[in-house]
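**Q** The transmembrane segment feature in TrEMBL is assigned to B:9-26, B:32-51, B:63-82, B:88-107, B:166-184, B:215-233, B:253-278, B:290-307.
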Amino acid sequence: MGVLSSIINGILMGGVYGLLAMGLTLIFGIMKIINFAHGAFLMVAMILSYWLWKIMGLDPYLSIIIIAPLMFLLGYLTQRFTIKPVLDAEKDVREPIGALLLTAGLAVAIENFILMVFGADYLMAKTAYSGASINISSLSISVPRLYAFVTSLVVAFLFYQFLIKTELGRAMRATGQDRGVALLMGINVSKVYSIAFGIGTALAGLAGIVLIPFYYAHPSVGAVFITKAFIIVVLGGLGSVHGALVGGLIIGLIESVAAQYMTATWTAILIYFAFLAFLLLKPSGLFGSRYEW
Amino acid sequence: MRNFITPRYYLPALMIFILLLIPLFISSPYILHIMAMVLFWAYLASAWNIVGGFAGQLSLGHGVYVAAGAYVSSLLFANIGLSPWFGMIIGGLVAALLGVIVGYPTLRLRGAYYALATVGFAEGFRVILINTTKIGSWHTGGAEGFLVPLLGDAPQHMQFMSKVPYYYLALVLLLIIVGFSFWLDRSKLGYYLTAIREDEDAALALGINTARAKLIAAALSAFFTGVGGVYYAQLIRYLEPNAIAGAIMSNQIVFLAIVGGRGTVLGPVIGGIFLTIIGEMTRILFDQVMGLHLFLYGIIVVLFVIFKPRGLIELVEKPYEKLVKMLNGRRVEGAS
Amino acid sequence: MPAKVLLELKNVTIKFGGLTAVSDLSFKLFEGEIVGLIGPNGAGKTTVFNLISGVYRPTEGEIYLNGENITGLKPFQICHRGIGRTFQVVRPFGGKSVLYNVMVGAFLRTNDTRKSREKALEVLQLVGLYNKKDVLAKNLTIVDRKRLEVAKALATEPKLLLLDEVLAGLNPAEVDEAVEMIRQIHKSGITILLIEHVLKAAMALSQRIMVLDYGKKIAEGSPEEVTSNPEVIKAYLGDNYGIA
């Protein structure tokens, strides 16, 4: 594969990273919680999508209709019945980290639940387009990645419109900026949290679904993606939605460019260093508003 | 003399005595190995607790220090024959140095940002570990892991064919860290770390050099964790980067401390003992169900964070105090 | 014999972006004084405290304590040199007992836990919290939280105590008690600079008053002098005072 091809394919992958990171950054922006279970949710959607394809022959892109609402519900209920009580109890604590630990515990429980039920096999939905590529002279672009990229961008666009144009979106942003003021304005903060967590989880789910035609799922696949998502949200600025998308594209690009000149592992090390440099020198990231850190 | 015959003294002494006697009644090396691991995990959770509990800095990367201690001591042992007993000190010091290296740039990060930074350091370290097969002429094994050379019964090199010495060594380590925590809890440093956890700005205004206190805590915590890593290397004799430096190790340490009760002297010990035993029991009972024991683990952590955020210690403390009172009362009656 | 200068601000200015929060402020505090710093909301009073205690570094100007330049020192270093402060929004270590809170402060002058406890108990007597020493700080009433705030600062054995609105939010009876407490503290030899919104109490306590408006000192003098100053009246009541 030529250099240009791999760069393009890297950017395509970056779109999916961006979609995943958007969910993470949304949850942080509004609730100030780092969701360590975000990768596990992505994995759940991948596995569900795979089995719907395997058993019913449902194309992963069609399974969005079933899985996205399911993931929303999963996220909604998770916040309502596990995170909410913890947040309520931690109201007077300055650095609430109980919720963070909770999501870390959830991640372990979810991963191992899937392991118990579905086993440790590597699963991929080998659809008709899974191995396809578009070839223009020497360029070779992977079709499933292209689909994933386009879908990610469309979802990102719709999500952005939702945040800016709708009443609910505005209520969510207001809550993220100042919980106290939002309460005074009559916003049901707890419900907004549940919806935000639901949407964030659905975004992780969508990222999982578009991955399954070309990426192997297994119970701990979430760990790979969540670390990248952490890096991306810090790069883009924790809480910044468009920052997450741009950050995703940048990481996708770096991975593919660096892969031309060094081993994948040194790329990973390079990315970690860049991540730490950002975290330490400019914690607000490229686009972040100045939250307390 | 009389003062020492109160329940405050003899109850803990009794517990230590029981722990000392256990190997006399258990001959199965397998069970002894598990018991040593139980004590070892309690030790690691207590070491984490210095920075994660007292100072309230949520480190999710303590696997780095376990790995530092384990690798440094094992490489010195395998290549120049340095006894792991000395390796404990060197491994601990290297880990402490790493603790300061991680701690210094993260000084001004709070809450979630600090946690993310520790994840970043740990992941970076793990990736480096996986991709380094050699340091100079010393082989480290890379992704395949590192086998610690086995000399047979060699007490001078911390190697024993029986599990009993490993059990006692874990017990000694645990008693040291509990003693240290007990001292810390009542010392100036402990008060300062707690103040930093509760409100860093207010602590600064009371004359606390918060940066220095946090670095000291980071170094101490990393030192003890590194020493634990040396022990682990000799007990398991196989170092696998993902298992030792990865998220599983780092998270497990945190979970034990949380479930037991972070920021308390005995919480992490209780959490370590309780969760490790539960984990091992489910592993034994439901051997064929992959993932069950970790699933339960996760659920237990979730339930504790929701319903008993201050940990098991809360449940143990009151009955213990009652017992002490009861025994005290009886003694007074008997004396009169 | 003229009293010794304890604290001196020389032409201190601080800007946040385009906003000048404190502008060319100079004043001296003499040892043993009790001085009030008053002014309308947003006049920059708390900013002055943050400058003295090292939370902010002045854009221009210097701050001297006992003749030593302390400009740019960190808050903990300034506390070491003998300036204690309270926060307007009280900041107890909520999860810990009252005694624990005060011991944290007392540890500044000792490494010994027993001595720290003794010192803390002594301070708790002075502020009237002795009987509540085992209560968790977060369970205290507002008055007691303010007392605790003062106790923590006192435990660091300051030469100069900065009190940021310790009387705000108290009912009249409580104000009287707190005024008495501040007098006691002053009597024990500690110089006090206080920010106060409760003007009557500030007037009753202070030997000297400085008035701040828009970051500038507009008046200084005895309570009587200051209250009759037309600039001060204007600052507090607005330009329309005469008309209404």
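Just so you know, glycine gets a Cβ as well, placed from its N, Cα and C.
For the listed features, I'd like the structural context: burial, neighbours, distances.
**A** Note on the transmembrane segment (B:9-26): residues 3, 32, 35, 39, 164, 167-168, 171, 175, 320, 323-324, 327 of its chain, located 6 or more positions outside it, place their CB under 8 angstroms from a CB of the stretch.
Sequence-distant contacts of the transmembrane segment (B:63-82) (same chain, at least 6 residues past either end, Cβ-Cβ under 8 Å): 44, 88, 90-92, 94-95, 98-99, 102, 121-122, 125-126, 129, 135, 138, 140, 146, 148-149, 157, 221-222, 225-230, 232-233, 239, 241, 244-250, 253.
Within the chain, the transmembrane segment (B:253-278) has long-range Cβ neighbours (under 8 A, six or more residues past its boundaries) at 34, 37-39, 41-46, 48-49, 52-54, 56, 58-60, 62-63, 66, 174, 178, 181-182, 185, 194, 197, 225, 293, 296-297, 300-301, 304-305, 310-314, 316.
Within the chain carrying the transmembrane segment (B:290-307), a Cβ under 8 angstroms from the stretch's Cβ atoms is held by residues 255, 258-259, 275, 278-280, 282-283, all 6 or more beyond its ends.
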**Q** Counting Cβ pairs under 8 Å to the transmembrane segment (B:215-233), which of B:32-51, B:88-107, B:166-184 comes out on top?
**A** B:88-107
**Q** Who are the chain neighbours of the transmembrane segment (B:88-107) in space, where the CB to CB distance is under 8 Å and they lie at least 6 residues beyond its ends?
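**A** Tertiary neighbours of the transmembrane segment (B:88-107) are 51, 61, 64-65, 68-70, 72-73, 76, 82, 114, 117-118, 121, 211, 214-215, 218-227, 229-231.
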